[in-house]
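Database features, via TrEMBL:
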DOMAIN    3-347  domain 'RecF/RecN/SMC N-terminal'
BINDING   GLY30, ARG31, ASN32, GLY33, GLN34, GLY35, LYS36, THR37  ATP binding site
Amino acid sequence: MRVSRLALTDFRNYRSADVAFEPGANLLVGRNGQGKTNIVESLVWIATGSSHRVPTDVALIRAGEQRAIVRCTVTNDERSFQLDVELNAKGANRAQANGNGVRIRDLPRYLQAVLFSPEDLQLVRADPAGRRRFLDELAVMRAPRLAGVHSDLDRVLRQRNSLLKSARASRLREDELTTLEVWDGRLVELGLEVLRTRQALVADLAPHVAEAYRVVAGDEHRAEIALVTNVPADAEAFRALLAQRRRDELDRGVSLVGPHRDDLELQLNGLLARHYASHGESWSFALALRLASAQLLRDGSGGDPVMILDDVFAELDAGRRQRLAEAAGGFEQVLITAAVEDDVPEALRDHRIRIDAGVVVEAGAAARTPVERAGDPDVDPDAEAVVGVDERADAEAVDG
Ligand SMILES: Nc1ncnc2c1ncn2[C@@H]1O[C@H](COP(=O)(O)OP(=O)(O)OP(=O)(O)O)[C@@H](O)[C@H]1O
Ligand SMILES: [Mg+2]
């Protein structure tokens with residue numbers, strides 16, 4: 001699949017922008033802080049229903065405005081979808097697919113994207129929450145129905161925790177006990193579903209991770225992943241464990257058993273990556289997790305995911321750059337951001353889009369330097385395919 005067009009209104013530092021993407025590689029270039037990541041962040045939002053950088057959506061709305069609009073056209077196997085998202089400072093966000101209202105959590109059905117970003121280092125280094133999110137987002141891309149299961153489980157845990165907290169350190173009243181039993185039933189049911197999904201996903205992903213690590217790092221180190229869980233394998237054992245831990249749960253006022261405490265353990269040559277891997281090895285592991293995800297999605301029915309490489313090349317040595325470029329370049333579409341164009345391997349530089357202070361300045365062949373263009377007798381018809389709306393307005397003003 002690929003994104004052919006993206007339009008932003010009051011999203012981050014964009015008042016208004018409209019950009020066309022080509023199949024294959026698209027390189028977004030511009031100095032630091034100009035809005036390159038903001039562009040890909042808007043696509044990540046559509047693919048996952050949230051930003052990869054901030055926990056709340058308010059920061060995505062242009063300062064001083066009340067709502068942001070993201071519109072994109074996704075083409076998959078000859079079929080096109082127009083996706084429209086409205087992010088509201090007050091009130092619920094809204095989404096449409098081809099003009100019909102859809103739930104935000106259904107958006108991953110239309111756009112699948114795999115983001116590689118500097119924040120991925122935290123996947124390897126930081127606490128388990130990020131790794132659970134990694135697994136669950138990937139699971140939802142493979143089976144969008146699971147978004148509902150995860151949000152139901154979150155709700156059950158919130159309700160259950162607030163009940164445990166209110167009854168904390170005391171005995172449960174009769175009615176509280178009945179309510180807790182209802183939540184326990186839901187926790188067991190949803191918890192087992194999430195557990196089984198994660199187990200199947202990790203089993204499918206593991207060989208891809210091992211292979212992707214070899215590709216990225218260029219060595220024969222053994223990268224392994226495993227799910228670590230405290231969830232028992234069946235409903236009966238789950239209920240028994242809940243009964244056994246009830247006193248502790250009441251003392252601490254939180255749910256102690258469930259997939260919300262799972263971790264995805266990452267090992268390199270048999271040692272826990274979080275504790276032993278070097279900086280470069282951690283980076284390779286993070287990239288391998290993303291590349292493996294992309295391979296897994298490619299094997300599924302949805303076609304190639306859109307590959308988004310945000311600022312990753314600057315962090316890599318020449319060998320890793322080349323190998324990652326080769327692996328990612330094989331996908332239907334790759335969006336790359338870089339402050340320094342030379343950091344990006346040649347093969348990914350064909351279609352350049354220049355970003356300057358929240359304006360898409362130039363795209364396509366026009367993004368070449370005047371010297372490069374001087375040697376080109378034909379004007380590339382794509383050169384004017386897209387300009388920032390601000391710039392188009394200026395051009396019209398001059399023409400008129
Ligand atoms: N809600 C917002 N309203 C207005 N401006 C914003 C908003 N959110 C972020 N910005 C601005 O967007 C800019 C950052 O954009 P972005 O992260 O896309 O930069 P970048 O081009 O990727 O830079 P780098 O090369 O450093 O990664 C900053 O100047 C920031 O102040
Ligand atoms: Mg950036």
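We count from 1, first residue shown onward.
Glycine is no exception: its Cβ is also placed from the backbone N, Cα and C atoms.
Take the mean position of the Cβ atoms of GLY30, ARG31, ASN32, GLY33, GLN34, GLY35, LYS36, THR37, the recorded ATP site; other residues of that chain with a Cβ within 8 Å of it are ASN38, THR337, ALA339, ILE355. Sequence-distant neighbours of GLY35 (ATP binding site): residues of the same chain at least 6 apart with a C-beta under 8 Å from its C-beta are ARG12, ASN13, TYR14, ILE355, ALA357, GLY358, VAL359.
Among the binding-site residues GLY30, ARG31, ASN32, GLY33, GLN34, LYS36, the ones whose Cβ sits under 6 Å from an atom of ligand 2 are, in sequence order, LYS36. Cβ-based neighbour count (10 Å, all protein chains) for ASN32 (ATP binding site) stands at 8. Of all the binding-site residues listed (ARG31, LYS36), ARG31 has the fewest other CB atoms within 10 A of its CB. A C-beta separation below 8 Å, combined with a sequence spacing of at least six in one chain, links THR37 (ATP binding site) to ARG53, SER117, ASP310, ASP311, THR337. Most other Cβ atoms within 10 A: among the binding-site residues GLY30, GLY33, that distinction falls to GLY30.
With a cut-off of 8 Å between CB atoms and residues at least 6 apart in sequence, the same chain places ASN13, ILE355, ASP356, ALA357, GLY358 near GLN34 (ATP binding site), listed in sequence order. On the 0 to 100 pLDDT scale, the domain 'RecF/RecN/SMC N-terminal' (3-347) averages 95 in this prediction.
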